[in-house]
Amino acid sequence: MATDRQYEDLLRLVLDTGTAKGDRTGTGTRSIFGHQLRYDLSAGFPLITTKKVHLKSIVYELLWFLRGDSNVGWLREHGVTIWDEWADPQGELGPVYGVQWRSWPTPDGTHIDQISQVLQTLRTDPDSRRMIVSAWNVAELDRMALAPCHAFFQFYVADGKLSCQLYQRSADLFLGVPFNIASYALLTHMVAQQTELEPGEFIWTGGDCHIYDNHVEQVTEQLGREPYPFPRLELRPAPSLFDYRFEDVTVTDYRHHPAIKAPVAV
């Protein structure tokens, strides 16, 4: 199996050519604007290998999004703490990703389940160009603990294969993006299984692609490592997209370098 270097090449590009910019957190970044990575999901599961990525957190976070949840309590019950820094004392985050995916509020007081709508369209009109899910609800941004970084995604069907493209307006390349790539690749596999399609491509499109100044040492260490071939994903069928459990997801042959710790910019 071929070794994929797209992500590492992007890290190097930003280190070498990025513009020094300030940011909301006050940390400082090196940044470029606009970049795309394409992953053929039949060639392996895109879980970055030049450092260990915590798969448990990725899977539980995606299941939490699909629950439509806005409280970190369920994540904490399963030993996942990646959202704790942004939660209030009651564990609430406001109307973040899962809320927008599953219950986008309308002016008449009802709610739209965007995920269910996309599933229905995939089954009845797979050539539609409207199979989009958005977390970027302008009217509710001020109530969110963190504005959506991975803002919206679109599905596309061709030759019996399902592809997904994500637009990530703000891309923390060292800490966040490896999670996001794997999460949406997993979602694409799940949706494909539920709609009797084969997984096609996952396409990651980044807007502000940045490396925080306090991650430069870690990125340099990571770039000194040779990538391994991607692992394989085994997904046990579930009755619906909303019935998958952690135990249904198995990643095999994940050969990786050691984890690299870095501070989160809050």
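Cβ atoms are placed via backbone N, Cα and C, with glycine included.
According to Swiss-Prot, the residue from Arg24, Arg38 that belongs to the dUMP site alongside Arg129, Arg130, Arg169, Ser170, Ala171, Asp172, Asn180, His210, Ile211, Tyr212 is Arg24. Considering only the recorded positions His54, Cys149, Ala265, the residues lying within 10 A of Arg24 (dUMP binding site) on a C-alpha to C-alpha basis are Ala265. For the (6R)-5,10-methylene-5,6,7,8-tetrahydrofolate site, whose annotated binding residues are His54, Asp172, Ala265, the maximal Cα to Cα separation is 18 Å. Look at Tyr212 (dUMP binding site): DSSP puts it in a strand.
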